[in-house]
Each structure stands twice: as structure tokens, then as C-alpha cells.
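> So that we are looking at the same thing, I have put the structure below in C-alpha cells.
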Amino acid sequence: LPLLLETTLLQLASGSYHPFYNGFYYNHLMNDKGNGQEKVDHFNGVRLVVETPKDPVYSSSGANVTLPCHYHFEPNTEAKRKIRIKWSKLRDDYTKEQDVLVAIGKTSIAFGDFLGRAHLRQASGHEASLVVSDVRLQDGGKYRCEVIDGLEDESDVVDLHLRGIVFPYQPLRGQYRLNFHEAEQVCQEQGAILATFNQLFQAWSEGLDWCNAGWLADGTVQYPIRLPRKPCGGLHLAPGIRSYGPRHRHLHRFDAFCFSSGLRGEVFYLEHPTGMTLEEAKQSCQDAGAEIARVGQLYSAWKFLGLDRCDAGWLADGSVRYPITKPRANCGPAEPGVRSFGFPSKGRFGVFCYKER
């Protein structure tokens, strides 16, 4: 077998041999100038073209989304071809992160987290669009649509953006207590994931100003500043995202920037004439057929559902907060936001509950 493979490769290198006919012709010309340059491939046949949207596709958690992808041949050919389609999720540097789906004809298979959630939409003869149902927070990012026809392999990239909100988070133990892996964990516990740089940048452009440094999904530590000031990088720096660069994921400790998207349910407030302890608050939510809300759920309800409540309430992590969309007297600062009372060890409050629809 190795000898046969070597013989085949030698034949492919010869200038008079066409290795495989599938509508694509290549003339292989050896450089004879003696300057050490590689051979040049001259194309003189049908060209495969793959096209995806140049603008991002937007969706939110729990929704269904279609990532468009179409292909065609130049010049156009009506001959039936056995096309193979492959979708992959990419890292920000465009290297492959994970396989999503592979299809040949009407047969396809999805992989990993996309099993049962991803399928092809082939409404037209040259469509290879990917449909993802029940979108999850970690689904945001770049996707490569790859079309393979024999020896031809062309691809293009679709960028999926989730509509969401970035919020800074520090645990009960206080400021700068989380290594990277602990930051990932606390965001997940709050119904969120670690934010990407692009998500933090979008939040900064919408007004987020936070002087404490926090982990991002790529292992860097950064923080957004709208109003330059001495404790936050100095007065001489312009507004922007301050960066500590990559940090040691086990040894270094900071806060976290978490990202949450839309909700599949509702957040509502329960009160008691004398208030409730944390345990009583959890039980009250259960009695109402719900669960005590997480921090990410409260932020999402504030941003996407306009939740406005000037009453402090317990959340699942033991913190006490309240959301304000219409600032007014006795409800905190003059800007909209989610106010925090921290993690009180004593006191009786209402509770924010979350219930799936």
C-alpha cells in the first residue's frame, strides 16, 4: 500500500497526468528555472464558490437560529454532484474549536453539544444553511461552512452574536478571589458564562464602567472605563477597555465578567410583611412553583423584560439586589441598573423568583 500511494503521488506530480475528473481540471507545471520555487497549479475548469452573510447573525438564548450558507459553480453546471457539507465552530483566531455537523446528500450527523439541536436547511439545490435550535449561551461565535466536491474544498464563515448583557461578579468572599476556573464556575452558577472580549466591548459601548478587573473567556483580565479617573488606570488614559493581558489561570485571582442572554421564563418578586431570611425566601419560591432567581436571570429580566422593582430581594447566591429601569428618588443612583446590597449575613428581605414558561 505505501508503494502504491507513492506511485500515485508521483503520477499526480507529472505535467501530463490529470489525477481525477470531477469537472475540475488542473495543469501541474514544474518550475524549470532552477531557483527552488514550488510548482504552480493553473486552474482552467469549473470553480466552486461558497457564500455566507458578511454581517453577524443575531439570536438569543433559547431561540432557534439559521446560519445562512449557499454555494454555486462558476460557470454554472447542472450536473448532479455528490457534495459533502461540514460545519465547524471556530475560536476567535479562526482555528477549529469543535465539529458541529457533517452531511452527504440527505444524510447528516451532529456532534457533541449540537447533537439533536443542529440540522441542515436545504430549501434550494445549492443551500447548506445550518439551523440550531434551543440556542445556548456558549453557541455564540464564529462558524465555518465548508463545502467539499471531490478535490475541491471551499468555505466561508458566519458570525453568530447573542443578544445579552455583561455584568461584573464577585463572590461572597470579596474582591479578587477567583482564579480563571473558579470564575467560569461562578458565572455558570448564576445562569451565565464568562464574557468574551467582543461582548465586554459591546457592553462598554453601551455604557458599562467598572473599575475592578475581571476574567474573560480567553483567559485575559480586563475592565471597561467610560470616565477616566486616578484609581482606574489614571486620568491621562482615554476611555476604553483596560487590559492586564493573559494571566495565569490557576495562580492569579480577579473578579469575573459574566454574560447572560434572554430568558425562557419570567422573574417575579415575592414579599412578606416582615421580610424573609434566605432559606425562607427559597421556600417561598418553591411554594410558588418556581426557584429563587440567579444573578444572571435578574440582569436579563432587567435588560430584556424591563423589570423595575424598588424593593430589595434575595437571589440564589445569597446576595440582595433590585432592578431599576426608571430611576427615581429613594431607588439609588440617577442611572438605570441593578443595585446591590452585597451579601448580608442578617436581615429580612423579599425575594426574586424565576419560573420557566
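A Cβ is built for glycine as well, from the same backbone N, Cα and C atoms used for every other residue.
Residues annotated as domain 'Ig-like' in TrEMBL: 47-158. Residues annotated as domain 'Link' in TrEMBL: 165-260, 266-355. The annotation disulfide bond is assigned in TrEMBL to Cys211-Cys232, Cys310-Cys331.
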> At the level of the C-alpha atoms, what whole-angstrom distance separates Cys310 (disulfide bond) and Cys211 (disulfide bond)?
25
> Return the single residue from the disulfide-bonded residues list (Cys232, Cys310) that has the minimum number of other CB atoms within 10 Å.
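Comparing Cβ neighbour counts within 10 Å for the disulfide-bonded residues Cys232, Cys310 gives Cys310.
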> Validating a neighbour-count step here. Other CB atoms within 10 A of the CB of Cys211 (disulfide bond): how many?
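Taking every protein chain into account, the count is 14.
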> Between Cys211 (disulfide bond) and Cys331 (disulfide bond), what C-alpha distance do you get in Å?
23
> Would you mind listing, in sequence order, the residues at least six apart from Cys331 (disulfide bond) in the same chain with a Cβ closer than 8 Å to its Cβ?
Cys310, Tyr322, Ile324, Arg339
